[in-house]
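Below is one structure, written out as structure tokens, with a few remarks after it.
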Amino acid sequence: ENFDWKLTIRANILVLKVAGLWPKGSEIYKLSLYTLYFFVFINGHNFFQAANIFFVYTDLEALSALIFVTITDVLASFKVYCFIRNIAILKRLLAKLDKQIFQPRNEQQRDLVQPSLNSWKYTYTAFCIPVFTTLVLWAIFPIMDGTVKDRRLPFSAWYPYNTKTSPLYEITYLYQVISVWCLAIANLNMDTLIAALMMYIGCQCDILCDDMKNLRNSVGGDFNRKLLDCIEHHKTILSFATDCNKFLSGIALGQFFVSGMSLAVTMFQLTLVSPLSGECYSLLFYVSSVTVEIALYCWFGNEVELKSSQIPYSAFESDWTGIPIEAKKNLLIFIMRSQKPIKMSAINLFSLSLSTFTTILRTSWSYFAVLRQVNAQD
């Protein structure tokens, strides 16, 4: 029985289908009334938030309260656009997972990849907790703070009507909550799906390393034949990683740029709100969500680099001492070729690694310090 790699991500695919972002079967994205409604509904909220910037741009405190959510929502819409644009690449990647060359060879290799699959599941859960907590707090903090009496909305936005009157206030309140929930849930599942693709690359590197370590010489040139199979497997992994980079590079680049700014603005906003208020808690969980989101890309990208760097060492661990000259030449060429690890990157500008993660956090802190200084001068 073939190992079903896609069983791990079935929850992601189900949510993306509900969001209208996952075409049936092997089809590419096609516009339908449902998806048209979804995008108008979501992007309408982004438009009204962005329009409000023109009314508050002279007030740093009001601007910071507005912009950290606005840029996050705009980023999420951009990621949805990139996701739709590259859906054919994603479908091709998932189809490759069904190839026989990607299948574990034995029960030991199935057990070998299980910790990576479980790690992704735990990460998915760890990401969901702060995201959903943030969404709930955003939805109810006007009620918790009592500002609902003043007809305060969860998010500052401009509307071409008076939102202080009923039932326009209640309708707008519900519209904001539903819009942000839909966008955040779609965003969450796109991010974790990208992390899953990188996790699959790491699993394939684990399988290849195990195959290389267990290469043994036998009568009839069996070593060389199995080595050529491993070389073909490595080439297929490289092809998979290249397509994966094409799919995620634009999304990762936008994520890194916007996350650095949004973290800085959110930390600045935390210095302005009342401690222990509903808004304060929502900001804290938002910071946690964004931090986990960046770590998601960097951690799994770093795992790909680490696991792929083990391939030449695994090749050297094979029983190569008594093999024919031709097999030794093939093994030597393979070791030299595999010494360059697989690196996931954002349009070749930033590698997805733990060093990039720490750089983003340091940059965010620098932006935050500048905002504090500017506000103190005012």
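Placement of Cβ uses the backbone N, Cα and C atoms for every residue, glycine included.
If you check TrEMBL, you get these features:
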type     : residues : note
TRANSMEM : 34-57    : transmembrane segment
TRANSMEM : 63-84    : transmembrane segment
TRANSMEM : 122-144  : transmembrane segment
TRANSMEM : 173-190  : transmembrane segment
TRANSMEM : 247-271  : transmembrane segment
TRANSMEM : 283-300  : transmembrane segment
TRANSMEM : 346-368  : transmembrane segment
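Contact between the transmembrane segment (122-144) and the transmembrane segment (34-57) is not supported: fewer than 3 Cβ pairs lie under 8 Å, counting only residues 6 or more apart in sequence. Within the chain carrying the transmembrane segment (63-84), a Cβ under 8 angstroms from the stretch's Cβ atoms is held by residues 21, 29, 39, 42-43, 45-46, 49-50, 52-53, 56-57, 90, 155-156, 180, 183-184, 186-187, 190, 250-251, 254-255, 258, 261-262, 265-266, 268-269, 272, 286, 290, 371, all 6 or more beyond its ends. When each of the listed stretches 34-57, 283-300, 346-368 is scored by C-beta pairs under 8 angstroms to the transmembrane segment (173-190), 34-57 comes out highest.
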